[in-house]
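Following this message is one structure expressed as structure tokens.
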């Protein structure tokens, strides 16, 4: 062992003193199967090179041929994103290749050390602008940058009919950014350049590191029509046809490119195995279903190209022309900040407009289709594609981030995100024209059709030579557009309330209701987690004031505004288990509680919020007889189910809301009055939260409120369609039906009316709280450091959206957060905790609450906003896959929906098992104790103790 060490040391020492031509060989920096790489110095200039030293004695004839092929290829290739060959020297025992020195190492090291990149001074600015995600791979801006440069190199190779055959992160080397190289302090050692153009990026961003493709040892000239059959490359990145020992062509490189892109996005290869046989089995078993980690945020267009590259059959893969023309390759990188953004703006302002979440046009005599005007509360910045960047497809099984700039079709967060939660790039509507994909740094702006037409006309008429003047009047135009859009938010609330008022005023429906025609709005904020009280009055926003068209009710009337409906639907004794579960979920699962002394006593104890009331089980006459009454009952069930799901989402949002906006001072001491030592507005109290934490909470609360609004809006849409049919048929408005049918129809009508009143009240409350959260988010974004990507100064005017503020500072969600991803993660967390407690036989009623709430959350995730009357789940999934692009519904692709369904079914199964267990326990406890015997007594089991054994 000692002799070996001495020999190695002396060899290294001799190597350091060895000169090869005008170069000296220094320390070793890498080692492969057949070659060792050293850092070298060009003696005349002192510049650094990488010297690849190959020991010829270790090579057979075929490997020598490969080496000479590599040399010939490198001599003919001059491209900024391909490592250049500077010189080549051959001796009797070695061949030395002097190549460009890439001081940042390879891409695999870059990915593994992403959390420490800021320690390198050449990368510090990059990390500050585009922070790396806590989990997963690289920031999506960096991913797109590297992918563009790799694609540029591959396109150069394809033009010359070369196939690399060993594309992998270890063969993708990095050098500092051109900007850094240009301003590097003189005097220190520099990397030797093959030419001036070798450090000028052809694509990408000048402030980010440059990527160079290296190691052409397995490369060869292979025209498109030719096939090879040599097993080459690294197994983890090999194409399946190579692993199968089949003939292959240049399309094998497409697979390797897809694996590299996947690893950049997620931090790990798409398939891992201990040998190539198992690797091939995994690829075959996967059936081209490429999954992305659920905790990551990935843009839709990036996921699209990965899935098109990673097809196990070469003929199914994207072609090279399609690959080079893909939006991720050709379009500007979204999410740039600071000086990375283009300096010149197009005279025509590019605006991505998000259409209504439901394009279906349904009209009733009373109310036309209720537009989702709350969409104007939020938008998604196409900025950075990191966990804290826009999509982003959220994925999140969600999830998800395409958009008009090639960014994730919001995208996200998640991803997953549904169109109902607008923030995620992967969830933005897919019906966008390719011509919109021109501006590299803007976010979708919610506009109505009329506003869109007016603004498009203005943009099209703008002269080309008015670039400067257009920038100077942008703010004024934004003010005008914002003023117009602000009315639309009120219009949404007005339509909701108008429809609810008409139903409440109907004589037949109103008989059973004691509520007034104009139900007063309930403006409350939910009690904080440790509060001893429930609903508290908060100042009403202008949105609700204008929408209602009247003065706001006082606190007492607001608190009891829904009490009559709760009594109409059912008495407290008829509350179902699900209603109790939903009410208890906010306490046990979401961590929100109220004083135990206020529960179970008094006619109407204060509550955190009005949970959706339960109804008595319908009688048997309403089930399955095929008459119109059956349809009424079905509509009732659908409306109530959707309202219940919205209630669960609302409860989750309230947790975020209470962390974000502290209670008024009077609430901190229950009903005992305010604390004289505490003063100030609750909106100004951050309760110790950092600015970034406030931004995060605001975004999460906002997307959850918007999801709740979408479910409430859907309930109202269904009720509106039912109301229109009934008015045409005269059933509710005064028509006569025989006997019990008339009674059943009236009962169904009353239940729908009650649901509509509840939805109206909740809608107004959620809309107001969403506005408060929006204001909080805008305020927090202004307080971020000026160099932070989320700061308003780092966003273009086109990416701003105003939803009711008097200023021009709009709301931009700068992260990939989606409601679906938040809900999915929360449901998993609750079900896992419940499963652990169930196995331990601890708190079984609490387990039932957790299971039930998780089920409702996952059902809300799967809710299809484009579908009024839901179909059966299996049919819905199948038809949704066929009709939607990429099999996506609300931004959640078909594969992710299947995953959610599997989890949902498992939780339902656990809930059924739990109920059986609880029933058995209750039955056992209700049994009378066994009668005592003078001769024998048992200790509760079937095995008698020694003292109880009868004498023989």
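Note: Cβ is positioned from N, Cα and C throughout, glycine not excepted.
Just lifted these from Swiss-Prot, have a look:
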DOMAIN    23-329  domain 'Protein kinase'
BINDING   29, 30, 31, 32, 33, 34, 35, 36, 37, 52  ATP binding site
ACT_SITE  166  active site, proton acceptor
REGION    331-478  region 'Disordered'
COMPBIAS  338-347  compositional bias 'Basic and acidic residues'
COMPBIAS  356-372  compositional bias 'Basic and acidic residues'
COMPBIAS  386-398  compositional bias 'Polar residues'
COMPBIAS  429-439  compositional bias 'Basic and acidic residues'
COMPBIAS  459-475  compositional bias 'Polar residues'
REGION    510-573  region 'Disordered'
COMPBIAS  553-573  compositional bias 'Polar residues'
REGION    783-806  region 'Disordered'
COMPBIAS  793-806  compositional bias 'Polar residues'
REGION    920-952  region 'Disordered'
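Show me how these features fit into the structure around them.
The secondary structure of residue 29 (ATP binding site), as reduced to three states from DSSP, is extended strand.
Around residue 166 (active site, proton acceptor), a 10 Å sphere centred on its CB holds 21 further CB atoms from the protein chains shown.
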Of all the Cα pairs drawn from 29, 30, 31, 32, 33, 34, 35, 36, 37, 52, the residues the record ties to ATP, which distance is largest, in Å?
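Farthest Cα pair among residues binding ATP: 15 Å.
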How big is the Cα-to-Cα gap, in Å, between residue 35 (ATP binding site) and residue 166 (active site, proton acceptor)?
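Distance between the two Cα atoms comes out at 16 Å.
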Have a look at the binding-site residues (29, 35, 37) and report the one with the fewest Cβ neighbours inside 10 Å.
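Sparsest of the binding-site residues 29, 35, 37 by Cβ contacts within 10 Å: 29.
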Taking Cα atoms as reference points, rank the binding-site residues 29, 31, 33, 37 by distance from residue 166 (active site, proton acceptor) and give the first.
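The smallest Cα gap between residue 166 (active site, proton acceptor) and any of the binding-site residues is with 33.
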Rank the binding-site residues 31, 33 by the number of other Cβ atoms within 10 Å of each Cβ, and give the residue at the low end.
33
Per DSSP, residue 166 (active site, proton acceptor) is which: helix, strand or coil?
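SS state of residue 166 (active site, proton acceptor) = coil.
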